Amino acid sequence: MKATLKRRHRRTGIAAALALVVLGVPALAACGSGAGDDGAVKVGLITKTETNPFFVKMKEGAQAAADANGLELIAAAGAYDGDNQGQLTAIENMIAAGVKGILITPSDTAAIVPTIQKARDAGIMVIALDTPTDPQDATDALFATDNFKAGELIGAFAKARFAGAPAKIATLDLAPGVTVGQLRHDGFLKGFGIAEGDPQLVCSADTQGDQAKGQSAMENCLQKDPGIDLVYTINEPAALGAHTAVEAAGRAGEVTIVSVDGGCTGIQGVEDGKIAATSQQYPLKMAQLGVEAVAAFAKDGTKAGGYTDTGVTLVAGEPVTGVESKDVAYGKENCWG
Amino acid sequence: MTSSIKMAPPAPPPPMAARTIWRRALSVSTIGPLAALVLACVYFSLQTDRFLTGPNFSLILQQVMVVGTLAVGQTLVILTAGIDLSNGAIMAFGSIVMTRFAVDGGVHPLLAIAAGIAVCGLFGAANGLLVTRVKLPPFIVTLGMLNIAYALTHVYSDEKTVSKLPPMLTALGRTFDLGGTRVTYGTVVALVLFGVFAFVLGQTAWGRRVYATGNNPEATRLTGVPTRRVLLAVYTVAGLVYGVAALLLVARTGVGDPKAGQTENLESITAVVLGGTSLFGGRGAVLGTLVGALIVGVFRNGLQLTGVAPIYQILITGVLVILAVAVDRISRGRNR
């Protein structure tokens, strides 16, 4: 019995030590964030993931705008792209935290809607950034890139570059059933002037927007048809992966790769000639406009509404006639990541 | 995991029948986690006055109930020195079966729910058969089943979210008033489930067989306990519990989401380990698992309310998990 008691004491000691460590970590973390400040108006930002440079830039823009407007920013993200439950939990916690507005890039555009409604019922203004909800009017407003136009721009660029010559096209898409990917894909086809099912489309594959998967997809496409000379990619990581595959096949310089995003790595790819052209979008601006809208709402109750196009610019290594584009220097000035 | 059983020294005899449910619930391995939970609550209460409120606690309970329920099944499996990597994927498949049966198949919602839970039970039974009959290690069996269930979920759902559910499927997401705080029925269901399994594990002969099998399968078999049947039952019951988690998930999100459940397997293991249940089998309690799940939920909610970047929640969880296993290891060493 005595031995048991002694052991128990020792374990209580371990437990106490454990608790101390546990509580020390958030205390440290809290030092840098001004926690416990319940005075400032709060604005929540919920992104799809925390690590994607696009969302890192978005958070940066939100933080800068929050600082400029005297707002406190609370950020959260899903554990992975498509993590609806994580975003749902984040919205609930933000309602509990008493935020005035929530900016969200929905991972599951339909499934998140009931929870967004809960936030709006609690008097919170909700703005979708980058990706619209389904239905779009489930949020008060949408600040996003016109993804169809982004695709159309690179489609038109490719068309001018091929100047009527027939192409063998591979499309490296996002994933089935994701609106953003579908819009860019359709835009590209329209810009190039062909319809789905056109014989010039020789290969299509999903990449999840991932560089390694983009590379495998392109390798497989080149197996299917070694003569591919035009590649549409959902984003720049996929484009760079595709370039690696093309280079390994000994066809660098013969294949035109076009993409969407405008991240700094991607623009560097344009400068290096790996990517012919890309449609640049502006996550920082989305977040900035979003935070400013929340600041205005907190001030006098004006709600943002409808869709605001945050703009898209074609950045090309070598411009083609008939299609307006900016050069790499411009792209670098405005890139993210 | 099997190999670690073999290497383990002769374990102490199965727990004595005289132990009461509360003694086990509050056994040493649970005190540490409970202290951590209480201290975390105190800390967050001092940081923000929005933390220590009825509605916020109801919210935290709601948020941990899906993982918590999965962790009930996970506790059963881990008590037998196994591990289940497939529970999140099985849950996702169960939720798609329920929602598609009801929405696209026109099946009565109650039957659809029963079908979803039954399918999860079948997956559990398949895990159990492979572990007991083919003698494969649980890690490998459930790793395979994770991929199978994940793929079936995406094939069967056609990658589409199932929405416009009949109200009966989301009934557990509705709330009732408890002294001014809205509590979901799902929270109650999950808490009852914890209570039931605390009773079954602590007070019944079957529960003691589970502990004994996890402690020392060979010795237990030699005393006449059909350990293979115990294991098969454990995996099957765990599967059925995952089915209940699927229903809670559907009720919470209001949709059948094929992308759900991708991180819940590790999250449920985290809850079990944080709750003081030993990965080496035979030691632990399901109420500890509830504490473990709440620790994760309290940190997520508390850090969010105080405006700390969510990445610190992950950091803290990592530190806690290692500490919890270290404490288990050290105390186990002293028992030798």
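Glycine is treated like the rest: Cβ placed from N, Cα and C.
Residues annotated as transmembrane segment in TrEMBL: B:25-46, B:58-79, B:85-103, B:110-130, B:136-156, B:183-206, B:230-251, B:272-299, B:311-330.
Of the recorded ranges B:58-79, B:85-103, B:110-130, B:136-156, B:272-299, the transmembrane segment (B:230-251) has the largest number of C-beta contacts under 8 angstroms with B:110-130. When Cβ distances are compared across the two stretches, the transmembrane segment (B:136-156) makes no contact with the transmembrane segment (B:272-299), since fewer than 3 pairs at least 6 residues apart fall below 8 angstroms. Counting Cβ pairs under 8 Å that are 6 or more residues apart, the transmembrane segment (B:110-130) and the transmembrane segment (B:183-206) reach fewer than 3 and are not in contact. Panel annotation: around the transmembrane segment (B:272-299), residues 1, 4-5, 8, 11, 24-25, 27, 29-30, 32-34, 36-37, 40-41, 44, 60-61, 63-64, 67-68, 71-72, 74-75, 78-83, 191, 194, 197-198, 201-202, 211-216, 313, 316-317, 320-321, 324-325, 327-328, 332 of the same chain, lying at least six beyond its termini, place a Cβ under 8 Å from a Cβ of the stretch.
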